Structures are given as C-alpha cells and as structure tokens.
Amino acid sequence: MERAEALTSSFIWRPNANANAEITPSCPRCGSSNTKFCYYNNYSLTQPRYFCKGCRRYWTKGGSLRNVPVGGGCRKSRRPKSSSGNNTKTSLTANSGNPGGGSPSIDLALVYANFLNPKPDESILQENCDLATTDFLVDNPTGTSMDPSWSMDINDGHHDHYINPVEHIVEECGYNGLPPFPGEELLSLDTNGVWSDALLIGHNHVDVGVTPVQAVHEPVVHFADESNDSTNLLFGSWSPFDFTADG
C-alpha cells in the first residue's frame with residue numbers, strides 16, 4: 001500500500017516536471033534552449049519571465065523584446081577584485097596599527113600633568129622677547145655696553161681736550177720772551193705736563209656750561225692808586241686772572 005502511494009506520488013511529480021520543461025521556451029533572441037523560468041511579471045500568470053543562459057538576457061512571454069545589451073539583465077552585483085584587495089590591505093594595516101584591537105591607550109597621568117602645568121604660548125614668549133629688546137634699545141640707543149675702562153678713557157680724552165685749548169691760549173699770551181709777571185707763575189706746568197694745584201682748583205670752580213675759552217679770562221690790570229708809579233702798575237696787584245669775579 002505504501003509502495004503504491006509512493007509510486008503514485010512519483011508518477012504525479014514527473015509529469016509536472018516534464019510539463020515545466022516543455023513550457024520553458026527557447027530564447028527568442030539567440031534561439032538557445034538553455035533557458036529557465038524566473039518569476040511572473042507583476043504577479044500575473046499570463047506574463048511569465050524567463051532568462052537565457054546563452055545570451056544572459058531576460059524576456060517576458062507575450063511581451064515586446066527590449067533592446068537590452070548582452071549581460072545587462074544579470075542581477076549579480078559584480079565588485080572589482082582590486083577594490084576588495086585594497087579593503088583587505090586597509091584592514092590588515094589598521095589591525096597592525098592597533099595590536100590590542102581597541103582604541104589607542106591614553107596616558108591619564110600625562111594629561112593631568114599638562115593640565116596642571118600648561119605650556120606657555122610661543123606667540124606670548126616671542127612678544128615678551130620683542131618688548132625686552134625694545135626696552136634695551138631705548139635705554140642704550142647705541143646698542144653697545146659701556147665698559148668702565150672705556151668710559152674712563154673717554155673722560156681722560158675729554159679732559160685732555162679741555163686742557164689743550166687753555167694751554168694754547170696761555171702760550172699765545174706770552175709777552176715776546178719777557179720774564180713772566182708774578183701772577184703768571186700760576187700758569188706754569190709741572191714736569192709731568194699737569195697744571196698746578198692752584199690752577200686746577202680754579203678750573204673746578206668753572207661752570208659746566210662755560211666753554212674752555214670762556215673759562216680763561218683776559219688779563220685785567222687793577223690800579224691800586226692813580227698816584228702810583230709804573231712799577232706799581234706792573235708788580236702791584238696785577239693778575240692775569242680776575243679771581244674777584246669768580247667770588
């Protein structure tokens with residue numbers, strides 16, 4: 001009984017398979033019989049859709065043939081092998097960069113230290129350096145440091161320049177080889193070429209704004225008495241410097 005049922009089922013199945021094989025038509029484009037049924041268009045049993053494996057194109061029974069290029073009806077999404085290879089290399093590189101497989105580790109201690117001790121901005125440091133340089137140039141326009149020894153040399157040279165005009169004027173005040181008057185002994189120089197103490201004391205009392213030429217006064221003759229003779233005029237109270245004017 002069971003065997004008879006099996007034979008009946010197989011007998012029923014085979015005609016259906018043969019019917020499907022007979023229903024599948026050949027390709028209207030290339031005439032190949034290597035075709036297969038795909039689906040019903042718009043779920044309508046009157047519009048079965050087939051696919052030809054020879055020309056790799058679709059068609060619908062009872063419909064018009066469209067000018068579909070060869071292979072245009074294939075629904076397989078083909079991806080180029082080069083892109084897949086590039087994706088594989090990219091994934092391998094990413095995995096080698098992160099051996100742990102997770103996000104990169106962050107040193108919390110370093111982050112906290114940077115938060116407590118922030119680094120100064122480079123632009124602020126450069127601005128401070130420029131301000132310091134500007135202040136230095138304002139204080140010292142020549143841009144050179146004043147060495148004490150160099151400044152002393154300048155003072156010595158200025159002192160010599162200050163004395164030389166006085167010496168030249170005194171030499172011009174000579175009286176053609178005549179012996180000096182008693183007051184002119186103050187103008188004598190010592191063996192080292194330095195003025196006597198009395199002249200230097202008088203020189204110190206000269207104002208800063210007075211030039212060396214103005215500091216030396218012209219000889220002034222003081223007449224003690226109109227009745228005195230010529231000897232009193234020469235050797236009396238005559239002096240090349242008017243010391244009373246300084247007082």
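Numbering starts at 1 and runs along the chain as it is shown here.
The backbone N, Cα and C atoms fix where each Cβ goes, glycine too.
Among the features that Swiss-Prot reports, zinc finger is placed at 25-79, with the record citing sequence analysis.
Among the features that Swiss-Prot reports, Zn(2+) binding site is placed at C27, C30, C52, C55, with the record citing sequence analysis.
Look at Swiss-Prot and you will find 70-100 tagged as region 'Disordered'.
Per Swiss-Prot, compositional bias 'Polar residues' is recorded for 82-94.
Burial estimate for the binding-site residues (C27, C30, C52): highest at C52, by number of other CB atoms within 10 Å. For C55 (Zn(2+) binding site), the count of additional Cβ atoms within 10 Å of its Cβ stands at 19 [all protein chains shown]. Each residue in P28, R29, G31, S32, N34, T35, K53, G54, R56, R57 lies on the same chain as C27, C30, C52, C55 and has a C-beta within 8 Å of the C-beta centroid of that Zn(2+) site, without being one of the site residues. DSSP classifies C52 (Zn(2+) binding site) as strand under the three-state reduction.
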